[in-house]
Amino acid sequence: GKIYEQCELAREFKRHGMDGYHGYSLGDWVCTAKHESNFNTAATNYNRGDQSTDYGILQINSRWWCNDGKTPKAKNACGIECSELLKADITAAVNCAKRIVRDPNGMGAWVAWTKYCKGKDVSQWIKGCKL
């Protein structure tokens, strides 16, 4: 995995076409990544309730989005192995996140976005970054 610097991650998200994707700004994505994983691509968190695991910089869940071979009734809507989401290269995580925000909930799929980023001035997350 890799722990990104804030502006470095903003540049990566921008390079992957996330600025304005489905109406969400770069600040929304950087804010969400900060509160989900502290910018760490290797982050994992197990959810005892449904026995799923959240993976990577955006903490994408194995119940719906990726396959880890151990989550009951998993859907794998992104069609990827969860291990792809832990790589230093965030391409797989970004592509899956794009799939997730196309759902009616949008970024509401991320608890951290709803709690810490929604309705806030998220431009502060990219302030001073050379983008």
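From the backbone N, Cα and C atoms, a Cβ is placed for every residue, glycine too.
Lifted from Swiss-Prot, the feature list:
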{"type": "ACT_SITE", "residues": "E36", "note": "active site"}
{"type": "ACT_SITE", "residues": "D54", "note": "active site"}
{"type": "DISULFID", "residues": "C7-C129", "note": "disulfide bond"}
{"type": "DISULFID", "residues": "C31-C117", "note": "disulfide bond"}
{"type": "DISULFID", "residues": "C66-C82", "note": "disulfide bond"}
{"type": "DISULFID", "residues": "C78-C96", "note": "disulfide bond"}
{"type": "DOMAIN", "residues": "2-131", "note": "domain 'C-type lysozyme'"}
Checked against DSSP, the composition of the domain 'C-type lysozyme' (2-131) is 56 helix, 16 strand, 58 coil
One of the disulfide-bonded residues C66, C117, C129 has its Cα closest to the Cα of C78 (disulfide bond), namely C66
The domain 'C-type lysozyme' (2-131): mean pLDDT? 98
Give the residue from the disulfide-bonded residues C31, C66, C96, C117 that has the most other Cβ atoms within 10 Å of its Cβ, counting over every protein chain displayed. C66
Between the Cα atoms of E36 (active site) and C82 (disulfide bond), find the distance and write it as a whole number of Å. 16
Pick out which of the disulfide-bonded residues C7, C82, C129 has the most other Cβ atoms within 10 Å of its own Cβ. C82
